[in-house]
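Down below is the structure, laid out as structure tokens.
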Amino acid sequence: MGYKEGSAKKGATLFKTRCAQCHTTEAGGPHKVGPNLHGVINRHSGEAEGYSYSDANKRKGIEWTTEHLFEYLENPKKYIPGTKMAFGGLKKPKDRNDLITWMVENC
């Protein structure tokens, strides 16, 4: 099972409660513990300008499509061993779909 469009409204709540403490999304916004996510959809892994990524993220060599994000957000450390991301993941496919739908519209 892969990405299916979800609820952007529910995704906004998930972003605020699970992601915003480490990430910003506005154009030109600062990096925090994690990189600014503006423009992340279809960007290559490890390429947000000015952010210090782990070698693992740089080497992953993927484009952040909705499908890759769906897999990654389930278990970031399994998808990219060596990532600095300390987030344990969203186990429910519905939550990942909602968050990614919001990201497509807002990042």
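Backbone N, Cα and C atoms are what each Cβ position is placed from, and that goes for glycine too.
Listed features, source Swiss-Prot:
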- C19, C22, H23, M85: heme c binding site (BINDING)
- K77: N6,N6,N6-trimethyllysine (MOD_RES)
Quiz item: Can you list the residues of the same chain, besides C19, C22, H23, M85, whose Cβ falls within 8 Å of the heme c site's Cβ centroid?
Solution: A20, Q21, K32, V33, G34, L37, F87
Quiz item: Cα-Cα separation of H23 (heme c binding site) and K77 (N6,N6,N6-trimethyllysine), in Å?
Solution: 17
Quiz item: So how many other Cβ atoms are close to H23 (heme c binding site), meaning within 10 Å of its Cβ?
Solution: 21
Quiz item: Out of C19, C22, M85, which of the binding-site residues has the smallest number of neighbouring Cβ atoms within 10 Å?
Solution: C22
Quiz prompt | From C19, C22, M85: binding-site residues whose CA lies within 10 A of K77 (N6,N6,N6-trimethyllysine) | solution = M85
Practice problem: For the residue listed as 'N6,N6,N6-trimethyllysine', list the number of other Cβ atoms lying within 10 Å of its Cβ atom. | Solution: 16
Practice problem: Going by DSSP, give the three-state secondary structure for H23 (heme c binding site). | Solution: coil
